[in-house]
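Annotation source TrEMBL lists domain 'Orotidine 5'-phosphate decarboxylase' at 248-461. Annotated substrate binding site per TrEMBL: 254, 276, 365, 425, 445, 446, in sequence order. Here TrEMBL flags 307, 309, 312 as active site, for OMPdecase activity.
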């Protein structure tokens, strides 16, 4: 046995002694039962063991000629492991946030890096590989190259093959099989436990959801190729408008007078794909105003989105939508009330014999909002259940629509010169919203409507947002 193999064997036994390797009945992150659970979180309480692990990892890098400008631990268990390696061997480290900061620099990746830098990913345990794919996507979004991943343990349940199929190499200090062999030889486990784990591996191969691989595919797929996946007729219409006008701009006309509303619509209409209104805030709103807006939408080829954020029982939403449907192609809807509102909207649209649809609100751009990941996922599920009327989701993260290329991502909060206002709104640049956050359509409000020259402003936003879309495809 070589010195490195002896060191690995000893490390495995020490991990067993600190209860990092558990046997019993457990459920893994991907939702399957397992007779063995690898919990390396507690290793942070053993500094000497962390030091040994860092040494073993660095030796592996050297022996297998794995190089890069930096390392990045998959959040969260692998973060202290990557930190130990970084400090002990003077290797620069990057930190990937699970969520984009809503304050300060709003960075997703922390650390010093250049586009084109190669980063080695460090993970504790790999089952399906989904957590690694999430990290890869976020690193790639800022121009960092990933080819190699080192995990302490490969559970041998499909993650290695998934990563290989996507062009990445997974290295591991241990496989679950090698761990069982070491423990059996050291009389730490009995033969029946070894057999139980072996049978478990045979019967429980899993695939990563590949959300980020699919997300990456969505972000790099031209809108033309997504037309065939659209299940709502208005999605097709909207994509065609975007492509024809080379504009992924939604203008938010959050004004209080019909004169200003129609004036801006006439001025900006030729350069936008979507016009967002708050008719309930227009003090002199009337049927004539609605009719004129419809006329302009036909003449200038844009769709109208009434940002009413419907959120009531089905019957009430039905009454509200009956007043909106005659003039607005689309309406925003909160998913909090479940399927009832969407059932009513679908019924009324069919009754009218007109193309009508919704954008469901999955995330908000205002600071301190109460939407969490479970709510966002439930909203996506609802959208998929009502695909015939759902054009897309209002959201801030590219991963929300990872496996739903037939839906469009509408992201508000674009401004070139401001980071936010004193009422909780947060702004981002066109490039960040389209490229990093994954928007198919970006919403601009005061950046245009309060500009000295709104027409010049919308043209500039249109140019920057389309360039960001084209860059995203590359």
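In case you wondered, yes, glycine gets a Cβ from its N, Cα and C as well.
Summarised as a single figure, the pLDDT of the domain 'Orotidine 5'-phosphate decarboxylase' (248-461) averages 92. In sequence order, the active-site residues near residue 276 (substrate binding site) (Cα within 10 Å of its Cα) are 307, drawn from 307, 309, 312. Neighbour counts of Cβ atoms within 10 Å were compared for the recorded positions 254, 276, 309, 312, 445, and the top value is held by 276. Closest to residue 445 (substrate binding site) in space, going by CA atoms and restricting to the active-site residues 307, 309, 312, is 307. For residue 446 (substrate binding site), the spatially nearest entry among the active-site residues 307, 309, 312 is 307, judged by CA separation. The distance from the Cα of residue 309 (active site, for OMPdecase activity) to the Cα of residue 254 (substrate binding site) comes to 14 Å. Sequence-distant neighbours of residue 307 (active site, for OMPdecase activity) (same chain, six or more apart, CB under 8 Å from its CB) are 252, 276, 277, 278, 331, 332, listed in sequence order. The Cβ neighbour count for residue 446 (substrate binding site), using a 10 Å radius and every protein chain shown, is 14.
Note: the Cα of residue 365 (substrate binding site) and the Cα of residue 312 (active site, for OMPdecase activity) are spaced 22 Å from each other.
Residue 312 (active site, for OMPdecase activity) sits 23 Å from residue 254 (substrate binding site), taking the C-alpha atoms as the reference points. Residue environment of residue 365 (substrate binding site) contains 22 other Cβ atoms, counted within 10 Å of its Cβ in all protein chains.
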